[in-house]
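Novice: One structure follows; several queries about it will come next.
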Amino acid sequence: MSDDYFDRLFELAFVYINEDETIQSCSFRGQRWLEEAQTLEQKNSLLKAYYYYLKALKLAYEIPCRFEISVKSTHYGEFKQFQKLAIQAVSKAFTIKSKLAVKHYLPVIQISDALSLSKKSSLKVLFLNFYSQESSKGYVFSKHTIAIPISCLQSMDSSKIYDFLKSAPFHPSMVICYSLERYFEDVSLAYKLYSMLRSLKLDPHFMELANPKKVDSSLSYENYQPIGLTNLGNTCYMNCVLQCLFACKDLTIPMLQGRGLLQNINTKNPLGTGGKITSAFFSLLQSVLLNHGQRSISPRNFLEIVQSLNRDFSIDGQCDAQEFLNFFLDKLHEDLNSNASRSPIAPLTEDQLSAREELPLSHFSHIEWNLHLRSNKSIVVNNFVGQLCSRTQCMTCGRTSTTFAPFTSLAIPIDDVSHVVSLQECLLKFSAPELLQGHDGWHCPVCKVQRSAKKVIMISKLPEYLIIQIQRFKISVMGRKKIDTPLGLSLQIPSKMLVPPSFQSGIGYIPSNYNLFAFICHYGQLENGHYISDVLFNNEWCHIDDSIVRTVGGITDLREDFSSSYILFYKRSSLLEEFEDKCPKMTLKRNVK
């Protein structure tokens with residue numbers, strides 16, 4: 001592997017120290033990065049582990065460049081401890097680097113390609129399934145599969161492998177190796193097998209098992225095809241939200257894996273539904289995956305459960321898609337919240353609140369997020385919940401008051417104009433400082449009187465799935481009004497456009513791009529409007545209007561649909577993941593047709 005690969009990875013492990021940071025906060029961040037690297041290394045997630053080791057080592061170098069440090073410096077001991085740990089991590093980083101080089105030398109094949117090749121009569125493809133558990137032994141992709149105990153490979157005696165290969169009915173033109181138990185994430189083990197098979201003049205490839213857990217094949221997300229949902233009387237608001245959620249793989253796939261989520265329902269949580277909403281969603285998801293060619297299915301059972309829990313969602317009146325989305329995600333979270341029973345933290349004293357304001361914002365955010373996780377843990381939190389920071393500053397004495405709050409959707413304003421407005425303009429308006437003065441002034445705890453103040457809202461932590469609500473409905477003295485301003489198509493949002501520099505130095509911040517994969521449009525007026533959704537499926541956009549599903553004609557049609565968008569769904573793709581996808585590695589050279 002060329003040095004260019006590691007040079008680019010080194011550049012990607014960017015380290016930023018914000019102006020409000022201290023030696024203590026930087027040392028704390030560095031130690032957390034080292035801990036994360038060690039955890040990832042134990043999980044054989046080598047690229048990410050190496051990335052965090054690099055960030056920690058670079059931070060250990062940057063701290064003395066940024067701060068004047070001496071034995072008398074405040075928190076000198078904490079920095080020395082971090083520096084000591086960083087020095088110890090150098091050898092670990094070099095070890096991982098060598099493993100990465102070997103890993104990307106090994107030829108890889110996707111499951112779909114392997115299955116296609118196995119059906120070609122002109123090729124003699126042999127599969128080798130390395131296992132330790134009997135349940136994994138029967139996991140086969142072809143009748144020409146040899147199951148080999150992993151102990152044969154782990155031992156120093158390679159003759160046992162040769163004995164198994166002798167039982168093959170033919171001399172294979174290609175050997176495809178895999179392990180349901182992910183043994184080949186151990187690079188040294190994979191390389192040992194590769195060298196052994198090459199010495200026998202065989203052509204080995206390692207199959208990537210993207211989701212190795214055995215699930216009901218009929219319920220596999222691989223079988224998903226967009227299917228219409230019947231409108232049961234003004235239920236387009238619900239149908240379009242469900243279509244977008246079906247496209248969230250990190251929500252749907254775990255629900256299909258042996259009903260794992262259904263077994264984790266917290267029936268004792270009074271804020272939940274006792275599993276009603278979760279079970280209803282799972283049943284609907286089953287129907288979608290088992291549609292067997294139907295053009296549409298009825299979500300009546302799901303709707304009845306929703307209405308039994310919240311009578312606001314009546315089929316007789318107009319309902320808001322965003323309100324339904326908030327309701328559903330909230331109840332799904334409470335059903336699956338494994339930390340719901342934990343007692344809340346006692347409120348802070350005035351002195352503690354004052355001391356907290358002195359912390360660097362990124363450090364402050366990390367503490368508040370961990371406090372939130374103390375009583376909130378679910379698949380919804382893992383994927384859909386981010387964090388907002390609200391900071392108010394007195395314009396007389398400079399005192400600040402900072403609060404953090406979780407969010408599942410970002411409500412951003414849009415100007416009421418006739419020309420096209422970009423999403424970036426809306427985001428800038430969302431984060432623009434607000435002046436509080438006069439009757440709307442802020443009661444400063446230092447000045448003890450009402451003062452003019454500046455208030456700003458910032459995104460301090462981004463979720464895996466970013467949901468953005470365009471505030472098209474506003475309330476004025478004339479009543480509620482819809483804003484029909486056309487929105488310019490935005491297929492991708494860089495994280496640096498969303499998160500200010502003060503939080504880009506955070507412990508968990510990784511530079512990312514957010515890619516559009518679904519959106520909901522609202523047509524018409526408040527009283528007689530209609531919702532539709534556009535969803536990306538297999539790199540092709542589908543326009544879904546209740547029971548009707550059709551392919552979007554092209555970028556022009558997509559741009560036209562997006563101009564009326566109301567709720568946007570984006571999926572995070574970290575620059576590290578994009579780097580891993582694009583990095584050079586040996587792959588299958590044959591053309592698969």
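Glycine is no exception: its Cβ is also placed from the backbone N, Cα and C atoms.
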Novice: Which candidate in Ser338, Ser401 appears in Swiss-Prot with the annotation phosphoserine?
Specialist: Ser338
Novice: According to DSSP, does Cys236 (active site, nucleophile) sit in a helix, a strand, or coil?
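Specialist: For Cys236 (active site, nucleophile) - judged by DSSP and reduced to three states - the answer is helix.
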Novice: Check the Cα distances from Cys236 (active site, nucleophile) to each of the recorded positions Ser338, Ser343, His530 and keep only the ones within 10 Å.
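Specialist: His530, listed in sequence order.
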Novice: So which of the modified residues is most packed in, judged by how many other Cβ atoms lie within 10 Å of its Cβ, out of Ser338, Ser343?
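Specialist: Most Cβ neighbours within 10 Å: Ser338.
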Novice: Including all protein chains shown, what's the count of other C-beta atoms within 10 A of the C-beta of Cys236 (active site, nucleophile)?
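Specialist: Taking every protein chain into account, the count is 24.
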Novice: From the Cα of His530 (active site, proton acceptor) across to the Cα of Ser343 (phosphoserine), what is the distance in angstrom?
Specialist: 43
Novice: Could you give the mean pLDDT over the domain 'USP' (227-573), rounded to a whole number?
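Specialist: Across the residues of the domain 'USP' (227-573) the model's pLDDT averages 92 on the 0 to 100 scale.
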Novice: Can you give me the Cα-Cα distance between His530 (active site, proton acceptor) and Ser338 (phosphoserine) in Å, rounded to a whole number?
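Specialist: Per the Cα atoms, His530 (active site, proton acceptor) and Ser338 (phosphoserine) stand 37 Å apart.
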